[in-house]
Amino acid sequence: MSLKRNSMQISPSEDKIPVVESASSPQASCEGLYFGDGRRKIDYVLVFNHRRHSSIRSASASVSRAELSVVSNGNFPPTARSDAATGRGQPASVGEVFMELGNARGGEPMEVADQEMQLIRQEFEANLLDAGLEIERDREVKAHGLSFTRIHAPWPVLCREAEFLKVKVPTKTSYELKEETGFGSRLSSVWRKLNQPFQPKVFHQDHGSTKFLSHCFSREKLHLYNITSKETFFDNATRGRIVYEILRRTVCVRTCQTIGISTLIAKGVYDAAFPLHDGDYKVVGNLEERNDRQVLHEEWARYSAFFKYQPIDLVRKYFGEKVGLYFAWLGVYTQLLIPASIVGIIVFGYGVATVDTNVPSLEMCDDRLNFTMCPLCDGACDYWHLSNACGTARASHLFDNPATVFFAIFMSLWAVLFLEHWKRRQISLSFSWDLTGIEDDEEHPRPRYETILLHKRQKKLEKMQKKNKTEVTIEKLTWKDRLPGYLVNISSILFMFGLTCSAVFSVIIYRITISALMAMNPDPEIKSNVRVTVTATAVIINLVVILILDEIYGYVALRLTELEIPKTETDYEERLILKAFLLKFMNAYAPIFYVAFFKGRFAGRPGSYTYVFNNYRMEECAPGGCLIELCIQLSIIMLGKQLIQNNIFEIGIPKLKKLFRSLRDKKSTPKERDEEKPHQWNLDYALAPFEGLTPEYMEMIIQFGFVSLFVASFPLAPLFALLNNVIEIRLDAKKFVTELRRPVAVRAKDIGIWYNILSGMGKLSVIINAFVISFTSDFVPRLVYQYMFSPTGTMDGFINHTLSYFNVSEFKPGKAPLNSQAGDITFCRYKDYREPPWSSDSYQFSKQYWCVLSARLAFVILFQNLVMFLSLMVAWVIPDVPKTIVEQLKREKKLLVNLFLQEEKEKFQLIQSFFVKDATLQSDSQVPNPSQGLPLPGRYSTLPIGPTAGDGGGGPRARCRAASFSQFSGDLSSLPGKENSNSKHTAV
């Protein structure tokens, strides 16, 4: 294709690109997974948007608009016809196309920006051709709209890049895994039979107990691999990753100083770049001919498959190791929620069973005890009886009972068991996925980092030119370049913390104000429901604020991370995760921390209350304690976040987008609909782009906090988390299979920084649960009373022990009830440990207060040390690497060494046979010179010297490399004693 350029020149070698008319096969036109020849697979697609017409004049008038423009590096098969018009021996279907970039159709000049983008694309794609890739473009002339560039990686390119990336592939050699014997074998067989209904119907390549040895791909050892077909030896995910590696390191030097497809997308040169899905996800025809996407949709991405295990190996094969590890982690987390949910139900059931025999609850509900409590507000509120809070006391016992302490210890150990089990599972997956021993891929700089570094170099060059110097040595950005970003980050994060605290404080003001207003209402029914109404509405407001701030904080974390100018994608992702987690953690748990540790601590006492804005009293805990309010707060926020985020954000919004696209398609004219082709690249481009796993992980990490941090106040949290995750797995699976473009298969050995966050939250949960049990619940005061102050050694009299006296005559003016209907009252009661009015130290903290405080602190220390010790014991007892994996790694290493030694020995014998044949031919033609014989065998080999044929020694002769003899691998089967490597199994 001859390109007439106005702004720059391209070399003549790039100036002529053949445009080939190809006959589209039915398979290619139906599925859109191949080039026009129906043979070459599309491994990657580049998309860009036409903003102006290009004036195209074709030398061949017979070329139709539906044809494809195939740009390749000489591998396209020529047609039988010849073109007389060109005079260069080109096929008749090949025409010379002129693209006048300076003038658009109708004489309208093309914008300068569009010209620049076009030139950058030309250089980039020319460099892709130089790298060995093959390209196919649309031949359609478009005034505007999308254009697709399809890329195919031929076999030599795949081999070269697979060796460079150290892709592990299976060899022909396999070995038998050791099977369990005795009772363990029978138990395993029974377990497999019981699990059979829960297994997905997915074909597994490795059947039984046979495993193939894997080794890093090498072009010198092609004979070791079982290559039945070059087209299917590398699966589609691996092919896409190989092409992506080429795309991200291809440079554009002449048109712009950039490297990689990510930079070009950021500059707007291309709109998108992605690998294709394996066809439609809907099964049409025979079920046995399903592709991997259809299998995943039928066996994994359906809500009806909620009871089945996930086909993790197929997920990894289709989406790559990083996505596979996420779903494997989510599956392990969900499975381990089952025992936690069962124990939580038992603890809750214990509370339900013992509520009618709980002495403190019975005392609070007993009208005969007649505890007259002090007013809940100043002036408008009257004295009230403690028996009015009977319902709150009974509900509080459901969650605040002796079993709660056991459950808190159990959940702390559960968190450790979860992390240890995941480490073992992760290592097992790494072994089965051949990830052991892989090195981290070299990462290229991010587009923003590269742009800022280029600007810095240009500024430095300008300064040096003014000083008549030309040397510029700037290789990276320093901390001085990032200092403004760091300062903005620190100030912004502190501001966000202040914003979160302000939101919590605003809800506190709402609670105080509404409580005072409702208490002034003359309706007794409204007065009786003040606490329930205020608590429920305040929690709902908290939930709405959390959801709004969650979205804001996600965007803020993204912008703040950009200001830090991280160099690589890994660095960028880790910084983004830390900021987003810090902000969202503070946002989600700030209201819960307030209720658990601050509410009621600073309210004061009758006669000396703490006021906000000089008019409103600080709120107090309910008579049954703050634990029931903490339970309400935790349950509503947890369930609300899960239901709203799952049903609205993850289900509702994608469905609205699909509805909008369908309505837009219906408005298109019939002509436009006829022109659209059902190619896979069009369908995939209409899907949402894959934006990483950070939102998925973040959602589950916040849920893990609800399950572990405050689980002492809400034992049913694991149950609700389990029910949510059963839906979440299938929802995420459906999103990946049907609604997202196929992500690049990224290798990953672990879940990265998320494991460190989980470990930190597990340790923090021990401390928080210790303080919740000690200071928020009444567990410690009950123990202190029963064993130190109870005259009978029982809980009788506990409520009277926790209530202090206040002389109503000491109310300040205007603070006492104005219209009291309680009669002649001298003393009212309030919950605190203080001296009575008749004491010499009236209203000072009593001896009981200091005893309870000491016991609480002692309990915190004892609980933390006990749980930490048990956690360390569990981590020490459970090894990180399973014993079977260690043994198999040793076996595979030994077998690989034996395999390569055997290969070298066979090559050495082959070399000797050539030397013998050469010596025989020379002896027939001339008399051999005694001083020139055969080379000394083994001189250039590390193998033992084998038997030599022929007489005489000779001068040294360099042994050729192993690759020089790979072409003779087909003849090795005829050597004596050589077995068929396809059927060879090594018993271990």
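In case you wondered, yes, glycine gets a Cβ from its N, Cα and C as well.
The compositional bias 'Polar residues' annotation in TrEMBL covers 1-12 (among others).
Here TrEMBL flags 979-988 (among others) as compositional bias 'Polar residues'.
Taken from TrEMBL, the feature domain 'Anoctamin dimerisation' applies to 34-312.
Annotation source TrEMBL lists domain 'Anoctamin transmembrane' at 315-892.
The feature region 'Disordered' is assigned by TrEMBL to 1-23 (among others).
Annotation source TrEMBL lists region 'Disordered' at 968-988 (among others).
Outside the transmembrane segment (326-353), and at least 6 residues removed from its termini, the chain residues within Cβ reach (under 8 Å) are 309-310, 312, 315, 397-399, 401, 403-404, 406-407, 410-411, 414, 417-418, 421-422, 425-426, 429, 693, 696-697, 700, 704, 707, 711, 715-719, 721-722, 725-726, 728-729, 732-733, 751, 754. Positions annotated as transmembrane segment by TrEMBL: 326-353 (among others).
The transmembrane segment annotation in TrEMBL covers 403-422 (among others).
Counting only same-chain residues 6+ beyond the ends of the transmembrane segment (486-512), those with a CB under 8 A from a CB of the stretch are 534-535, 538, 541-542, 545, 549, 553, 556, 560, 563-564, 579, 582-583, 586-587, 590-591, 594, 612, 616-619. Here TrEMBL flags 486-512 (among others) as transmembrane segment.
Taken from TrEMBL, the feature transmembrane segment applies to 532-556 (among others).
Residues annotated as transmembrane segment in TrEMBL: 576-597 (among others). Outside the transmembrane segment (576-597), and at least 6 residues removed from its termini, the chain residues within Cβ reach (under 8 Å) are 489, 493, 496-497, 500-501, 503-504, 507-508, 539, 542, 546, 549-550, 553-554, 556-558, 560-561, 626, 629-630, 633-634, 637, 641, 694, 697-698, 701-702, 705, 709-710, 713, 753-754, 757, 768, 771-772, 775-776.
What TrEMBL records for 700-723 (among others) is transmembrane segment.
Sequence annotations record features per position, and here TrEMBL assigns transmembrane segment to 857-878 (among others). Beyond its flanks by at least six residues, the transmembrane segment (857-878) meets 408-409, 412-413, 416-417, 420-421, 424, 762, 766-767, 769-771, 773-774, 780 of its own chain at Cβ-Cβ distances under 8 Å.
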Beyond the flanks of the transmembrane segment (532-556) by 6 or more, those residues with Cβ under 8 Å of it: 492, 496, 499-500, 503-504, 507, 510-511, 514-515, 518, 580, 583-584, 587-588, 591, 629, 632-633, 636-637, 640-641, 644-645, 695
Whole-number mean of pLDDT values that fall within the domain 'Anoctamin dimerisation' (34-312): 74
